[in-house]
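Annotation source Swiss-Prot lists Zn(2+) 1 binding site at Cys149, Cys152, Cys202, Cys205. Annotation source Swiss-Prot lists Zn(2+) 2 binding site at Cys166, Cys169, Cys188, Cys191. The feature domain 'J' is assigned by Swiss-Prot to 5-70. Per Swiss-Prot, repeat 'CXXCXGXG motif' is recorded for 149-156, 166-173, 188-195, 202-209. For 136-214, the entry in Swiss-Prot reads zinc finger, with the evidence type sequence analysis.
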Amino acid sequence: MAKKDYYEVLGLQKGASENDIKRAYKRLASKHHPDKNQGSKDAEEKFKEINEAYEVLGDAEKRAAYDQYGHAAFEQGGGAGGFGGGFGGGGFGGFEDIFSEMFGGGFGSGGRRQRVVRGDDLRYDIEISLEEAVKGCKKDIRISTLAECDTCHGSGAEKGSKVETCSHCHGSGRIRRQQGFFVTEAVCPSCHGSGKKIEKPCKSCHGDGRVQKAKNLSVTIPAGVDTGNQLRLSGEGAAGENGAPAGDLYVVIHVREHDIFERDGSNLYCEVPISFTMAALGGEIEVPTLDGKLKLKIPAETQTGKLFRVRGKGVTSPRGGYAGDLICKVVVETPVALNDEQKDLLRKLEESLASKSKHRPQQEGFLDSVKNFFSNLGKH
C-alpha cells in the first residue's frame, strides 16, 4: 500500500512553516494518543502515521529530502532513517559494509567474521503536563523488550550443550555466491545468521539467547522539554544478537494542553478577563503563573486585546539558562444579568459620552474610515 503524503497526514500544505508543522503535530498527537483511545487500532495506526510524518517534516534536512524526492528519499539505499538509522538497528551501512556485501568481507576480515547484530532501538511515547514539561520531572515507565536469557546467559544453548562453529558458513553467518564478476551474499540457511550450531538449544529462549521481558525504568525529563522532543536512553533498547550491544530507547515527549496557558517556544500565553470599569479607570489584578500568582497593574483606558509582558515567567530553555516570558492578553468583559438600576446608570453614562468623540477613539476612527471608503467608492 502506498504511503500517504506526510503533509496530508498532518493536514498541511507543502509550504507550511515550522510552527505550523509543530502545532499540527501537537494537536493530532494529543487527539490520537493511545492513552486517550485505548483499544482502538485505528487510533494506534493514525498515531504512528502522525509520528512518522513529524519525524521527517520536523527535521529541516529530512524535510528538504522529502520535498525533493518524496518517500523514495527514505527507502533502503537513499535518504535518512529516523533516530539515526530507524527503529530496528537498520539504516545505511558504511563504506566497509558496501564493500563487504560486494566482495566478500570487511577490510582484512577474510570474510570469516561472525555476524554481530546490534539490538533494535525502541520507542516509548509519554504524555506529561505543562507544569512537568516546564519544571522537569521523573517518570517511571514499563517497557516490553528483548533481554538476555537468564537461563543460558545469552548463549542460546542448554547447560553443558556443545556450541560449535557452523560448518556451512564457517562462523560468518553469511553465504557468498559468485555469479560471473559479481559476488552476492545471503544469510546462512543452516545457522540462520548466528554463525554457530547448538547441539541442544535452550528451552527458555529456543536458542535465540534472548527472551521477551517487561522492564521498569526511571526516566529523568529535563526542564524545558516540548512536544516532539526525544530523550535517548543508551543501551536500554533490545538486547543484541550473539552478545552484541543493546539498542537504545527513545522516549518521545507529548505535552498535554493546559486549561490556562498556551505555549509557543519559550513563551507562555494566557487571557485575563477584566471588568470594563477596571479597563476604563485602571487598577491592579492578580494573574496566574506556573510559580503562583503575581500582581499586574492595568493602566487607565486599557483596550481589550492589549498585551502585557511579564519577563522571565515563561519556560527556561533546556539548552541555556534563558527563560521566556509570560504574555497576558486582556479581555474586557461586558457586564451581564444587570438589574434595572444598573441599566439606568449605564444609559446615563452612555448619554454623557455620546457627544464626545474623544471618549471613544477607536469607534470614531472606524466611522471615519467607513466614511472615507464610501466617499472614495462614489468617485470611481
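Heads up, the Cβ atoms here are built off N, Cα and C, so glycines get one too.
Fair warning: this is a prediction, and the values are worked out from it, not measured in the lab.
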- Rounded distance in angstrom between the Cα atoms of Cys149 (Zn(2+) 1 binding site) and Cys166 (Zn(2+) 2 binding site): 22
- Message: With Cβ-Cβ distance below 8 Å and at least 6 positions apart along the chain, what are the contacts of Cys205 (Zn(2+) 1 binding site)? List them in sequence order.
- Response: Cys149, Thr151, Cys152, Gly156, Val211
- Item | Other parts of the chain folded back onto the repeat 'CXXCXGXG motif' (202-209), taken as Cβ under 8 Å at six or more residues beyond its ends | 148-152, 154-158, 239, 241-243
- Message: Across the zinc finger (136-214), what are the DSSP residue counts per state (helix, strand, coil)?
- Response: 0 helix, 37 strand, 42 coil
- Can you count helix, strand and coil residues in the domain 'J' (5-70) using DSSP? 46 helix, 0 strand, 20 coil
- Message: For the Zn(2+) 1 site (Cys149, Cys152, Cys202, Cys205), what does the 8 A shell look like? I mean other same-chain residues with CB within 8 A of the CB centroid.
- Response: Asp150, Thr151, His153, Gly154, Ser155, Gly156, Ala157, Pro201, Lys203, Ser204, His206, Gly207, Asp208, Gly209, Arg210, Val211
- Task: Give the sequence-ordered set of same-chain residues, not counting Cys166, Cys169, Cys188, Cys191, with Cβ within 8 Å of the centre of the Cβ atoms defining the Zn(2+) 2 site.
- Result: Ser167, His168, His170, Gly171, Ser172, Gly173, Arg174, Ile175, Pro189, Ser190, His192, Gly193, Ser194, Gly195, Lys196, Lys197
- Inside 10 Å of the Cβ of Cys202 (Zn(2+) 1 binding site), count up the other Cβ atoms and send me the figure. 22
- Query: Counting across all protein chains shown, how many other Cβ atoms sit within 10 Å of the Cβ of Cys169 (Zn(2+) 2 binding site)?
  - Reply: 25
- Query: Roughly how many Å separate the Cα of Cys169 (Zn(2+) 2 binding site) from that of Cys202 (Zn(2+) 1 binding site), to the nearest whole number?
  - Reply: 22
- Could you tell me the mean pLDDT over the zinc finger (136-214), as a whole number? 84
- Task: Enumerate same-chain residues with a sequence separation of six or more from Cys188 (Zn(2+) 2 binding site) and a Cβ-Cβ distance below 8 A; give 'none' if the list is empty.
- Result: Cys166, His168, Cys169, Ser172, Gly173, Arg174, Ile175, Gly195
- Under a criterion of Cβ-Cβ distance under 8 Å and sequence separation of at least 6, what residues of the same chain contact Cys191 (Zn(2+) 2 binding site)? Cys166, His168, Cys169, Gly173, Lys197
